[in-house]
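In what follows, a structure is listed as structure tokens, so that the remarks can point back to it.
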Amino acid sequence: MAKQLGMVIDAGLCIDCKGCMAACKVANEVPGDNWRNWIKSGDMDLRAQKRGRMVFQPGNCMQCDKPTCVSACPTGATYKSKSDGVVVIDRGLCIGCGQCIKACPYGARYRNDKLKVADKCDFCASRRAVGLEPACVSTCPTKARVFGDLNDPANPAGKLMAANKAKATQVVNAQSNTDPNLYYLGEAGLKSWPVKAQMPGAFEFWKNLADPAVKVVVGLSGLGVLAMLGKQLMLKNDAPPPEEHGEEGGHE
Amino acid sequence: MSSPKMIFRHTRAGIFIHWFNAACWFFLLFTGLALIQNPELNPLGAGYPNAVRAVFGGGANLLVAHWLVALIWLAVWVGYFFWGLSRFVAPFLHDTFTLEPNRDIQWMIKKNLQMILGYKMMAKLVKPLGYDGQMPPQEYYNAGQKVAAQGIIIGALVLVGTGFIMLFSKYFFTAADVWLVQWSITVHFIAAGVTTALLMVHIYMAAISKDERPAFISMFTGTVPAEYAKHHHQLWYEELEEK
Ligand code: SF4
Ligand code: SF4
């Protein structure tokens, strides 16, 4: 099976210390109001919770198998890497249109205030390049986040997946199931927060109206040219009516 | 006919800007098409953007190349515009944007029929309806050239405007402005499509059809045979004669 980096998270272990959020911000130089990861918690209604305690749900971009962010990107700047399954942003190719940001059901993306391009969690590509784990994983004091290739039982995340296949849950919006690669063990906490994926109006207009219309217009023009060319080739000696042509002015 | 009488039609500057424009336009069209990569859109299929990106060493380089050529193209045009404003640009704009409804509409209909049917068929089919085998006389630009020029000028302005919005997005815009960028992509695509459709006809008429062959040659030499001018741009020819 192809390599798919992901996380298996035991929400029950999370103590809402927000260490992962701080570590991520520092490791990835995430500016001001922008965040790559989060901890979701439900209402503080203790009676509603089984064990009478709050479940905190750590998360970040889920490197989905059917990523709506990729479908919304017109340039291919956002794509799913074939080698490790991480959804990547090519900053040079990104034009900052923000279509992908709107299209993610998890709000996992933001417009980087400094770089002015789309940005999100990439499982700390720069740290992985030097053999480190993502910053949030290294920092977590309770080891709630376990990271690795979900399809390889030889590494911790893969092993957890293999052992808990039936029990592990994905947090999804039923209307846009992107098949995320963040799995939760045991009680996952709040599950109703992902929204339906929204394609921006300009994109929908392009796809449904502008694209077919332009194809028709260019196609008609091409057909017209081909027809004229065919006529020209077939009627070899089709000349304008001699001498009477263009004589309206009567100056001759 | 030994050497037919030739009359002056295009300045060197005009010839230069025409071919410079053509080269840039081709480059921008084909790099622009390769900048679209989305299974729902890919106008030429997924293989095309991948191939072009490979040539340029990645999509990011391709984007930079598209911008650079666009900026050079625009800079040359701005220079030409101000340098030749009174000599070439103003007369060109005046000629192309003044339509004589009666004459020009008639010409458009007849010319299109003639192009599709051929002169002989046209004469046979339409003569009974009162067709006299003649086109309404035309000025320096014929009606088709005028309409094409108008479309291309407006298309170019739209392309420049939306192009700048996309370029600026990465430098000046905030998250609240991105809707502008989103619509710019769509409108840029539409403008490119419409101008391409017009240019396909323009290229056919000039480079392939026999009728306008002298006009094509004049885009290199600057002159057209007097006979051609008399028949294809009669009003212009008469104007020259009067001078
Ligand atoms: S979580 Fe959002 S940004 Fe991340 S891959 Fe899925 S759709 Fe894309
Ligand atoms: S902002 Fe998102 S959708 Fe737009 S080009 Fe960048 S990655 Fe693609």
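First residue shown is number 1, and so on along the chain.
Placed from the backbone N, Cα and C atoms, the Cβ positions cover glycine too.
Those TrEMBL annotations? Automatic predictions, nothing curated.
Per TrEMBL, the feature domain '4Fe-4S ferredoxin-type' maps to A:5-33, A:52-83, A:85-114.
Same-chain residues lying 6+ beyond the ends of the domain '4Fe-4S ferredoxin-type' (A:5-33) with a Cβ under 8 Å from its Cβ atoms: 39, 41, 54-60, 62-63, 84-86, 112-114, 119, 121, 123-124, 126-127, 134-150, 157, 160-161, 164, 168, 181-189. Residue counts for the domain '4Fe-4S ferredoxin-type' (A:5-33) under DSSP (helix as H, G, I; strand as E, B; rest coil) come to 12 helix, 6 strand, 11 coil. Outside the domain '4Fe-4S ferredoxin-type' (A:52-83), and at least 6 residues removed from its termini, the chain residues within Cβ reach (under 8 Å) are 2-7, 9, 11-12, 14-16, 20, 24, 36-42, 44, 46, 89-91, 93-95, 97, 99-106, 108-109, 118, 120-123, 136, 140, 144-145, 170-171, 176-182, 184, 187-190, 197, 199-200, 203, 206. Taking H, G and I as helix, E and B as strand and the rest as coil, DSSP gives the domain '4Fe-4S ferredoxin-type' (A:52-83) the counts 5 helix, 8 strand, 19 coil.
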